[in-house]
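What TrEMBL says about this protein:
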DOMAIN    20-89  domain 'DnaK suppressor protein DksA N-terminal'
DOMAIN    92-126  domain 'Zinc finger DksA/TraR C4-type'
ZN_FING   97-121  zinc finger
Amino acid sequence: MLTEQQLLAMSDDDYMNDSQRQFFRALLQREQYEVETLLASARESMHSHQREADELDQALLEEDHRHRLRMADRQTKLLRKINKTIARLDQGDYGYCKITGEPIGIQRLLLRPTADMCAEEKARQEVREHHFAKVR
C-alpha cells in the first residue's frame, strides 16, 4: 500500500493507476467505518437518555437530543457521499471531474476524498449558487 508521500511523488502519467485507486479505496473505507461507528454511537446515546423529572434537565436533554440529531443527519449524508464515491471507484470514474472529465488531482482528493469535481468547476458552481442566492 502506498504512503501519502509516495502517492504525491508519482508522475501525472500514473494518475488513478491500480495502486492509487487502492490507496483511495482504503482511505474511503476507513472514513466509512469511522462514520458508521459515530452513527452507531449517536443512536445508542440517544436511546440511552433517561427522562429527567426536573424541567431544566429535561430542556437540556432535549436540546442535546436535537444537536445529536443534526450531527447524525450530517454524518448520514457524509456516509451516503462516501458510498457513492466508492461506487465511482468501482466504475472507474473516481478522480475525474463529473462535469469536465478532467483529473481532480491527488492533492485535492487527499484533502477531500469524496470530491467529484475539479477545483475550477467547484468554484464555478459556488459562484453560480452565490449569484442565485442573491437573486432570491
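Note that Cβ sites are derived from N, Cα and C of the backbone, with glycine treated the same way.
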Can you work out which residues elsewhere in the same chain, 6+ from the ends of the domain 'Zinc finger DksA/TraR C4-type' (92-126), have a Cβ less than 8 Å from its Cβ atoms? 4, 7-8, 10, 12, 15-16, 20-21, 24, 27-28, 31, 78, 81-82, 84-85
Summarise the model's confidence over the domain 'DnaK suppressor protein DksA N-terminal' (20-89) as a mean pLDDT value. 88
DSSP assigns the residues of the domain 'DnaK suppressor protein DksA N-terminal' (20-89) as 64 helix, 0 strand, 6 coil
